[in-house]
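Visitor: Structure provided below as structure tokens; questions to follow.
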């Protein structure tokens, strides 16, 4: 494609459009999916209805997530390239572990998570039209595919639109959570504190149950690494990444604790555990006349998280292609919108296909442990790079024991579900991960070339109006 570009501003590169506030909103929007609105009961159940233990676990999960995010902040400011864990594992541990991560994340983990979010969004959107009965499966799946396609189109058209959507949805989410928090403070002032009397009394969970509670809590904090996938689009990343992470994580931790306390001022632990959607039950009890606001808030929350997740997945496909681990067409940008349109199209198609099977959630549960395996490998890469390249310029350095702590937690979260309830499906998940080597050896290591693939790439370039990125020094610096 012959493109005459006169100035650096016109070059085909990702533009830096994400500032401090947008970075904060990205993290908050991706983390605040449906979890805090729907399933705080899971942590309470695993804590044996011990309110004090449950709140401590929520706080600990937030601190662990903050620690992981700070480790990623060092890696992100040291290597300002999009791609997240994939890029860091490749730098620290080599191309094969990085390709295994890439394969697992783009083929299953992220598309599966996107699909689950889309199905949950569809459930909350169409359920009011079918009161008193389950919503039809076909309509729910069609709605899920429609929202995935909508998010995919937004991500293809404009990065500024994505940022605007994220900022708006962050404000709406925080408004809903603030309303819940204020209500909780009012109920506390009215003396509704019975659930907090002797908070640490009662049954104490065993080590296995505490591990399961941590697993549920850490799932609710998922998404703290989103900025590492969009570093090439962040203004002044060496300053804005650490600041955005610290601000967002502190806000999420405080809101999670206050929202859980608010639930406990109105509902008993048993009511919270037995509720399929705690926030809806809470709304029915406190504001029955406008209880419909909460399901709408949940849908808004899920849409924002879904948008951020798709944005992240597209950038990972883009980064993998730039490193030669995926077809070249995926690393190209649209010549007008300057977005990784081919990467987003691939991501949208895979996620849409995942809507079709019925046992997706059970499969996702068996692959969930692998996400923390990849976090652990990323922090191992950080430690390896500290010793292998001690003189490397690091605009931000995390206290090294924090990295060792995250590695230890990752090992625990990987082994806990396998030891607690070993199933053959975990073996299948590992086999799937390592099957990526069968793709890596011929197509990446030996660079096996498929006949006519170059012609197909050229035709796709013309059809999609995309071009290879222009590489210049300023695109990788502040």
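Note that Cβ sites are derived from N, Cα and C of the backbone, with glycine treated the same way.
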Visitor: According to TrEMBL, which of these ranges is transmembrane segment: 266-288, 335-357?
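Guide: TrEMBL lists transmembrane segment for residues 335-357.
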Visitor: Which is it, of 175-193, 194-212, that TrEMBL names as transmembrane segment?
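Guide: Checked against TrEMBL: transmembrane segment maps to 175-193.
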Visitor: Do the transmembrane segment (290-314) and the transmembrane segment (335-357) come close, with at least three CB pairs under 8 A (pairs 6 or more apart in sequence)?
Guide: yes
Visitor: Okay, the transmembrane segment (243-264) and the transmembrane segment (51-75): do they have at least three CB pairs under 8 Å, pairs separated by 6 or more?
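Guide: Between the transmembrane segment (51-75) and the transmembrane segment (243-264), contact is present.
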Visitor: So which of 213-231, 243-264, 335-357, 369-387, 426-446 has the most C-beta pairs under 8 Å when paired with the transmembrane segment (399-420)?
Guide: 369-387
